[in-house]
Amino acid sequence: MDAAALTFLALGLPFAAALIAPALTRFLGGNAAWLLALAPFAIFVHFAGFVPEVAAGEIVTGGYAWIPSFNVSFSWLIDGLSLTFALLISGIGTLIVLYSGGYLKGHPDQGRFFSFILMFMGSMQGLVVSDSFLMLFVFWELTSITSFLLIGFDHRREAARRAALQALVVTGGGGLALLAGLIIIWNVSGVTQFSLLLTFGDELKESPFYLAALLLVLGGAFTKSAQFPFHFWLPNAMEAPTPVSAYLHSATMVKAGVYLLMRLNPVLGGTTEWQVLLPLFGVTTLIAGAALAVRQTDLKMMLAYTTMSSLGLLVMLTGLGLPYAIEAAVLYLVAHALFKGALFMVAGIIDHETGTRDLTKLGGLRTAMPLTFVIALTAALSMGGLPPFFGFLAKEEIYTALSGFDRRSMVFAALTILGNGLMFAVGFAIALKPFLGPKVDTPKPPHEAPVLLWLGPAILAAKGLSMALMSGFVHRYVTSPMASAVAGEPRSATISLVPHFGVALLLSVATLAVGVVLFLNLARLRAAMVAVLADIGWGPDRGFDQFMRGLVRFAVTATRRLQGGRLDTYMTMTFVLVAAVMLALPLRYGEFPRAPFFPADVPLHEFAIMAIAALGLFAVVMAADRLTAIVSLGIQGFAVAMLFLLYGAPDLAFTQFMIETLSVVVLALVMTRLRLSPSDHRPLRQKLPDFTIALACGAGFGLFLLRVTGVPFDSTLTDFFNLYSKSIAHGANVVNVIIVDFRGTDTLGEIAVVLVAGLSILSLVRLRAGSLKRGELTEIAAADASSKELV
Amino acid sequence: MKSIIFRTVAPFLTGLMMLFSIFVLLRGHNEPGGGFIGGLIAVSALAIYGIAHGVVTVRRAIYFHPMAIAGAGLFAATVAGLVSLFARVPFMTGLWIYPSVLGVEVPLSTVMLFDTGVYLVVVGAISSIALSLEEGGGA
């Protein structure tokens, strides 16, 4: 089997695992995790095989044609950027599956949970390796949908349902913006694949549609990556079980937006708009997230807001356009995935083993849960950016990028110090507060977590240390190739644990000082933040509710206006519009037909047929009761069918005869069901508007037909069908051959419509019959009587 | 319907019309006719039977639920389109075979299957509407 087929299998494997997960869990319970984790692990191993190739500067592409006529393919692009993401997703995914095995042990829906999380994993995996735009978009929306399923996993709780819907609306809506943006890029560049797009250079940036494409892409990226003011769905998504929070809402999915920005950086980045919008939104999110994190006492909520903060930092670094900024973003992204994943899982362990995750109700757990404490501390040290952890390298690189002496660098450096200081304080509050101090009584007696629970966070925390110690190796194989892919030119990260004295280290020390001061005053800070937020009152979260309520109200009003439910209103509206179009357009453009030409020698039988048609119409208008009118309408139809027959259209005539017959039958049947009075008793005054509309409609159609037939007949199609009907389609009856062969797909659609129309009429008739049985008969009779009185 | 003449003639008329509808369906490829017209004739036949002998009799006579007939028709038409995919030609390409039955060459095609599908959809959908309207319509 070749490498392309293997990669294709790797992309499909999570979905296959998702399919068997429920059955497997029914047999093995939580221990099914050991087997299911093999799927992401196999993917991890497969992608790890690309590392040497990619480190050597190669780009691996492959795939299959999907819709060749639209130049759409199912193809992948594996460079430093997508490879790092793929390894993070499958690596952390393996650990998360194991962790879920312990966390949801004994949950009745654990199988479903495994299924959802594996599906999510497959979607995310597909997203980051997608080469084709459309494939990226499909996987992008799939992550939104699977995230919806995971957040709403505990679907019996209203809060979970609301959070799930909110995440879907925000990120799914952003996905639509992204689609529009990608289509613009497609139109401007003419390619549908990133690998081709990346060779384009500055063409996109010089296009007049650049700003539109940029704003739409940012709409997708900012909603997905929870940038202020679209951040509110992320903390609400903490309604999901903790493995989901650790995986989707810190390590992977929320980084999809950052991934997209990094992917498009070479073709969209570097412009003024890019360097203003990204850092601006990023730094606002950084500060807002950190400030909101301080306010919380729930471990998961604190982590969620620091995640938002970190995402802000990543967006800011991606857009800054300063030397080392890209390398810093890359290092921080990897570091964040490791420490935040670990911390989330620790929060889950605490919640699982003690029964609460409220910081104020926890304390002194270090004796009962020593291992968890060590893991938490290790992760927090990396988050705080202290040596010898990977977070330290990331932070040093960030400050190296910001160590310039121009005003822009200094402003961003100051804000970053504040944001990082706040995150430092929150991180250590999470890692220290529950474990130190006197023992506090918790809802459940605390004890150490089982292996399935601690294994994941332990590995992630250990990685944070080992990767920093082997920084040379990591830079060569992971960070440098990724930074090069993001920058679109060769870059190499060199930062190591050996401190080099300079501005960067100074800024680091400043952050440390700010962090320690904030940590010591966290309680006071929290009180202040609570007061401030109470003063503001309104937030985007409430705004979302108002928006949704407004949307529903608008939909209800619009539906009531447009679909009042009265058939005569619909009919009147339709015919008035038809008449207006038919009469107003020729009037506007002076396109009335010339006076029709009457041949002198119309044979007598044709006159007779037309007289019959006219007579039928006269009978319709004059008919004393409705049934006579319906039958008279049939006379007119038959007369027209006769004309078709005379002018050489036997198929049409044939059909017309049948249709006329059947419509008389069906109309008569409908009449018997409607329980109308046999005849129309309205006074002339009320009939007049209907009469006018009918006349206008008829006149409009007459004029239109005269105009159309006045144009010389183009016989191209007729000639084509006459020529090929017999030779290609083996049929002498051109009409039938067109219906069933030349335009067969149309017919297929049409008979599907006939079927659906039949079904809906059937259900309408049944519905009506049902309501009649429920005693509305008398009501209708009463209404009928009152309408008669009016007449 | 009370008329004894109509009630007596209706079954024969219906039978003849059904036969005629199938004739129209089959000859449609070369002469005026086809699935749509054939289907309409068959519906009229059923309508006549229904007016003469009531809905219950018609439903018993056609055995299947009319919607099931329509569904089978749509299925047949779709299959007729899909067959071409197995022959590695685009969807809906007409394919013909000429087997010899009792010494007579009979042209068969996916197009004919498709037209039969059209016939069944028309028969099923429209007769289902007509029958449900007739049922308990107070008439």
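Backbone N, Cα and C define each Cβ position, glycine as well.
Feature annotation from TrEMBL assigns domain 'Na+/H+ antiporter MnhB subunit-related protein' to B:5-127.
A Cβ distance under 8 Å defines the sequence-distant neighbours of the transmembrane segment (B:12-29), meaning residues of its chain 6+ beyond its ends; these are 35, 37-39, 41-42, 44-46, 48-49, 111-112, 115-116, 119. Look at TrEMBL and you will find B:12-29 (among others) tagged as transmembrane segment.
Under the heading transmembrane segment, TrEMBL lists B:35-56 (among others).
Here TrEMBL flags B:68-91 (among others) as transmembrane segment.
Under the heading transmembrane segment, TrEMBL lists B:111-133 (among others). Long-range neighbours of the transmembrane segment (B:111-133) within the same chain, counting only residues 6 or more positions beyond its ends whose Cβ lies under 8 Å from a Cβ of the stretch, are 21, 25-26, 28-29, 34-36, 38-40, 42-43, 46-47, 50, 55, 58-59, 62, 65-81, 83, 94, 96.
Below 8 angstroms of C-beta separation, residues 62, 110-111, 113-114, 116-125, 127-128 of the same chain, each at least six residues beyond the ends of the transmembrane segment (B:68-91), sit close to that stretch.
When DSSP labels each residue, the domain 'Na+/H+ antiporter MnhB subunit-related protein' (B:5-127) comes out as 89 helix, 8 strand, 26 coil, counted as helix, strand and coil in that order. In the predicted model, residues of the domain 'Na+/H+ antiporter MnhB subunit-related protein' (B:5-127) average a pLDDT of 89.
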